[in-house]
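Q: Okay, handing you the structure first.
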Amino acid sequence: MPSSGQTGILRLFAFAVLMISILVGIAKAQENVAKDLPECAKHCIGEGLSISGCNETDITCLCTSPAFQANTTTCITTSCSIKDILAATDYNQAACGVPPRDDSSITKKVTWTLFTTALISVIGRFVYRHPYMKGNGYGFDDWILLLAMSIMIPQQALLSVMLDQGLGRDIWTLEPNAITRILYYFWISEYFYNFVMCLEKISILLMYLRIWTAISVDAARFRLICFILLGILSTTAITMTIVVTFQCTPIDYAWHRWDGEHNGSCINTNAMIYTGAALNISYDLSVYCLPIPRLFKTQMSTRKKWGIAVIFLCSLFATVCSIIRLQSLLKFGRSANATWDYNLPALWSAVECHVTAVCACMPALAGVIKRAWGKTFGSLTRSPSGPSSGGNDTIGSRSLPRPRGQLFDEEDDGLELSRLRSTAGSIGETRTDSVHVMPKSEGGENGKAWEDGRRTPGEQQAEHVERSWLELEDGR
């Protein structure tokens, strides 16, 4: 057993070996970093040392000296190529102990979560409306949204590839080939964004056309506005595709110009991006707010009007995402650190696409939630003395089958009980089996008109809006 003196010597020897290992490791690391420093940068560092007043081995002094940093930066910028500037910047950051930045994992978690939510929403919408599930089938709005979702799949996959390549990290920490690939993939992602956003808005407009048919003059005007917006959105998608494709001459200069080694020219990229973002925000407001005034003119209960309006206005969250995206584009096209600065635009572009898809499915999702809530908690609120779910409602001397949805509340002026059956595939074609009953207290010509089925266009429009909304909400 060693004595206490021998134990102390062994501990001292172990400590010495440890310190030597650390010093050797530091020396090797500094040697490797020095090998990566370009020759032009070494010359600039030598000039900076002469005016800094720091010893060449005093890293802390050099990293905190404004004179050294300013002189070295000016010299490297004027004497080195862009690739050498990035290598020198990486050397400087490593020598000064500045930790590398990496936001790619945050972007990946957020976008994949929202993408999964959007995918589940679209799948749920299609399953809920399938005839096998006793749904009313599919319309043009469903197929257009499915097309948008099919484009979002490669869009999200491409974003993940960009993040793996280095998007969300400082440009000087990446290899030149990785920078070029990221900018090329980012250029492709602009197509995906333009197509997805236009298709999602077109799907929402087609849903409006399904709800509001040309029963009255006002409804006809509303439909005309929808068709005009459809034309504008389609034209914008085609125009932006052409502009993105030919923004630079030659085309590949769009992802090669960063290195300063290629010749070419580009249009004002900032103007292109800002114009596209501003148009997108204006289209958001036009499409999402379009049905609100029309909705409040219909002869429905106030509670039902507000319920439908809130579901429509939830889409304005996508507009908020679009505005935040515009803020993140302020450095686009003139950034010296593109792989870092382009991360936020890529993030908010994906978020906007996914959120809009979820909002487009809100009517169907509202129906799913309401029916699930009714099945789970309906027995807690159902009156014990009330009729069973399979019973009949009796009005006067007639016995009516219990409808699937009650379109008016009992406190409204009229009570409409509609039993919805099937819906044709084209917009606005619906078959119904409805019974309309006026309270006995209201007779005269109005009551006779209801009994005879001679209703005003406003009353017919209100009925159709509610019926169409139930079809979207109920899926059947």
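In case you wondered, yes, glycine gets a Cβ from its N, Cα and C as well.
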Q: Please name the cysteine among CYS40, CYS44, CYS96 that TrEMBL pairs with CYS75 through a disulfide bond.
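A: According to the record, the bonded cysteine is CYS44.
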Q: Pick from CYS63, CYS80: which one does TrEMBL say forms the disulfide with CYS96?
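A: Checking TrEMBL, the candidate bonded to CYS96 through a disulfide is CYS63.
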Q: Check for me: which candidate out of CYS54, CYS61, CYS80 does TrEMBL give as the disulfide partner of CYS40?
A: CYS80
Q: At an 8 Å Cβ cut-off, counting only pairs 6 or more apart in sequence, do the transmembrane segment (191-212) and the transmembrane segment (346-369) clear the bar of 3 or more pairs?
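A: With 3 or more qualifying Cβ pairs, these stretches touch.
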Q: With a cut-off of 8 Å between Cβ atoms, can you find at least three pairs linking the transmembrane segment (140-163) to the transmembrane segment (346-369)? Only pairs 6 or more residues apart in sequence count.
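A: When sequence-distant Cβ pairs are counted, the transmembrane segment (346-369) touches the transmembrane segment (140-163), since at least 3 lie under 8 Å.
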Q: Could you state the whole-number distance in Å separating the C-alpha atoms of CYS40 (disulfide bond) and CYS63 (disulfide bond)?
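A: Just about 19 Å between their Cα atoms.
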Q: Of the recorded positions listed here (CYS54, ASP58, CYS61, CYS80), which is spatially closest to CYS44 (disulfide bond) when Cα positions are compared?
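A: Comparing Cα positions, the closest of these recorded positions turns out to be CYS80.
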Q: Per residue, counting other C-beta atoms within 10 angstroms of the C-beta, which of the disulfide-bonded residues CYS63, CYS75 reaches the highest number?
A: CYS75
Q: In terms of Cβ proximity under 8 Å, which residues at least six beyond the ends of the transmembrane segment (224-247) contact it?
A: 187, 190-191, 194-195, 198-199, 201-202, 205-206, 208-209, 254, 266-267, 269, 272, 276, 279, 283, 286-287, 290
